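To keep things clear, I will list the structure first and then write my remarks on it.
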Amino acid sequence: MASATAGALGLLWGWLWSERFWLPQNVSWADLEGPGDGYGYPRARHILSVFPLAAGVFSVRLLFERFIAKPCALHVGIEDSIPRLAQSNAILEEVFLSITKYPDEKRLEGLSKQLDWDVRKIQYWFRRRRNQDKPPTLTKFCESMWRFTFYLCVFCYGIRFLWSSPWFWDTRQCWHSYPYQPLTRELYYYYIMELAFYWSLMFSQFTDIKRKDFLIMFVHHLATIGLITFSYINNMVRVGTLVLCLHDASDFLLEAAKLANYAKYQRLCDTLFVIFSAVFMVTRLGIYPFWILNTTLFESWEMIGPYPSWWLFNGLLLILQVLHVIWSYLIARIAFKALIRGKVSKDDRSDVESSSEEEDENTCTKSLSGSSSSNGANYVNGHVGGSYWAGE
């Protein structure tokens, strides 16, 4: 029985690391066992070092948020406040948890008769109960400041490293002598640190603010980790560094726009969102397809030829491009509406990132009474879009 199990595991292991799948024709894993120069060739066991590093990144994040991000938030006027609790009511709580958080008019009238409460009072209870689960702005500011700091630092490191790399200026160098391309220290650190960061996001997603897009972001992080790991094992790290740096170019701008929004710096947030949108469009719809996909699809075909993992790698990159087009459309639509109409509806906000965020209690009260707030902040995934939220 034990020998049969061992044999089955051996077959599975052999299939998983099949040279016919992973490597070009006439190349074997033994050919990549040589030391090469620098850090040698990428090996699957290098990935194991990512997990303790990811735990370290997560620990650094906790310290950063407590001792750097939180004081910064307090300095710009974000209060460390606790949401007011809704009045205790077992019937309304059961409806809220089991049926709906947004009762329609018919249900409101039924609850009004059952509790002998005014409909407006019940609406106010549901609004306060939703706000009770809303994460405080201070927490959101700290999370965004950590992401902004990491994305900015890793982008600067990536640009500095790639500036002196030949494949940054000539993408055909990504495939020259492939797969016999030894790692350098800078390349190894860049790749492993990016991978560790996304693993830390996987860990922290279970302790961070719970959003409606939890599952979507979980799948996104998982796919990102898979693509980075796949390209590392397959030694496509040169083109992988170009993809990573290209995406980091707009990520820190998005987080900067969120920070400005949370701090209620309206004009700065608008400006950063416009810059983010422009950089996103240029990098994801221009540079990515005409620079990255051009070299992975055509130059690599010419220089090394296709093989099974080549098809999978390019398939994943093409799927990523489809996502770029969808996200660009959503961002452009929201930006256009914000510029033309001066406000973003609540439905538009959920198009880009469904979040658990509700309008704050003061804004809700003013919307109900028909008055506007000069400081009300509307945002789509942290993007400001106008003067105040449209009323529910």
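Backbone N, Cα and C atoms are what each Cβ position is placed from, and that goes for glycine too.
Straight from TrEMBL, the features:
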DOMAIN    92-136  domain 'Homeobox'
DNA_BIND  94-137  DNA-binding region
DOMAIN    139-340  domain 'TLC'
TRANSMEM  148-168  transmembrane segment
TRANSMEM  188-207  transmembrane segment
TRANSMEM  214-233  transmembrane segment
TRANSMEM  272-291  transmembrane segment
TRANSMEM  311-336  transmembrane segment
REGION    350-381  region 'Disordered'
- Query: Could you give the number of helix, strand and coil residues in the DNA-binding region (94-137) as assigned by DSSP?
  - Reply: 32 helix, 0 strand, 12 coil
- Reported mean pLDDT - the domain 'TLC' (139-340): 90
